[in-house]
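Colleague: Residues or ranges marked as phosphotyrosine in Swiss-Prot: Tyr48. Summarising the annotation, Swiss-Prot assigns hydroxyproline to Pro176, Pro181. Positions annotated as region 'Interaction with TRAF6' by Swiss-Prot, on the basis of similarity to another entry: 240-409. Marked as phosphoserine by Swiss-Prot on the basis of similarity to another entry: Ser360. What Swiss-Prot lists as region 'Interaction with AP2B1' is 374-420. What Swiss-Prot lists as phosphothreonine is Thr393. Among the features that Swiss-Prot reports, motif '[DE]-X(1,2)-F-X-X-[FL]-X-X-X-R motif' is placed at 396-406, with the record citing similarity to another entry.
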Amino acid sequence: MGEKPGTRVFKKSSPNCKLTVYLGKRDFVDHLDKVDPVDGVVLVDPDYLKDRKVFVTLTCAFRYGREDLDVLGLSFRKDLFIANYQAFPPTPNPPRPPTRLQERLLRKLGQHAHPFFFTIPQNLPCSVTLQPGPEDTGKACGVDFEIRAFCAKSLEEKSHKRNSVRLVIRKVQFAPEKPGPQPSAETTRHFLMSDRSLHLEASLDKELYYHGEPLNVNVHVTNNSTKTVKKIKVSVRQYADICLFSTAQYKCPVAQVEQDDQVSPSSTFCKVYTITPLLSNNREKRGLALDGKLKHEDTNLASSTIVKEGANKEVLGILVSYRVKVKLVVSRGGDVSVELPFVLMHPKPHDHIALPRPQSAATHPPTLLPSAVPETDAPVDTNLIEFETNYATDDDIVFEDFARLRLKGLKDEDYDDQFC
């Protein structure tokens, strides 16, 4: 008989092992009309709790400066959203009844386990990390979501890192089911003292591409002028709109093809260029937008941001988009170029499959198009527990303790890195 499918549950304990948080997943999908709810369970040692309360907080923050620059009480960090939940003692009117997974965990863990629940607002940004430079230390810049559980008499009471649990989650988007129209653009260049023109037309074979999938750029040139096109450059550029105190746009080339294809006067030219944007070719570019990163996992170029119509862009943190630029280098006539916007995302997984990891860290990689190529092999994810989906009984649940701190020999002060 085959094995029953397992339910993956993430587990993390405080350094003093008095508090443990359980989550069914760490990636929460933004469906544009709603966001997956954050539901989990916190287990607390009653002898440690005493007369205190158990609080869980969800924070969305935008770090826009290096952590080592935080001096004199100034922090290069802005909290975009903070929500608090009192897990114990339970409030008289809980926001919703426990989910099926919470019920199973509560039965397994006993009376000292308590559920918590958060709703992520739709207008919050997705998790994005800005790639640090080779010499940068500390937490990377970008947008992240963090769950923190602690025991205290009140929310205002300061808790020690040793007595709390911090766990980073991600808000993600997947490719839409119905892609947009095929991107195309054209332009005509007229030169001084001449009535003849140079016409450039470019198009992509589709609008939506998956990470690792090559782009086919169709370039058609009609040169009725007296100028000569010396070479053709095709590049993919990432645009990151940083919306914080003011809006600024940063662009970074992530792939480029340059060919010495010449187009003589009074002639035409047509060619398909293939180009693939990959993070593996851009490891040294500081400030490049990446999908939100969890420690011990690799990631990929940031997915395109899909904004719901009417959303307030001022609170969106980082908006990511991509364009293909086709440029003709003309002798003694300047450059002629067009841009083609496209969407770069992960495919939407099936409901019964766990949310996909980045290409180089996918425990269960999503089904990609035949042309989509993962970058590297997948390591084993040890930060999870699995139990069988037996709805009749929960006696067969087996927890696999996540003991990375003890295995690595880390000290309590190292716990400040919440990505572990």
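Backbone N, Cα and C atoms are what each Cβ position is placed from, and that goes for glycine too.
Quantities reported herein were computed from a predicted structural model and do not represent experimental measurements.
Could you give the neighbours, burial and distances for every feature on this list?
Modeller: Counting only same-chain residues at least 6 apart in sequence, those with a Cβ under 8 Å from the Cβ of Tyr48 (phosphotyrosine) are Asn16, Lys18, Leu19, Cys151.
Non-local contacts of Pro176 (hydroxyproline) by the CB criterion (under 8 A, 6+ apart in sequence, same chain) comprise Leu208, Ile306, Val343.
The local packing around Pro181 (hydroxyproline), expressed as other Cβ atoms within 10 Å of its Cβ over all shown chains, amounts to 7.
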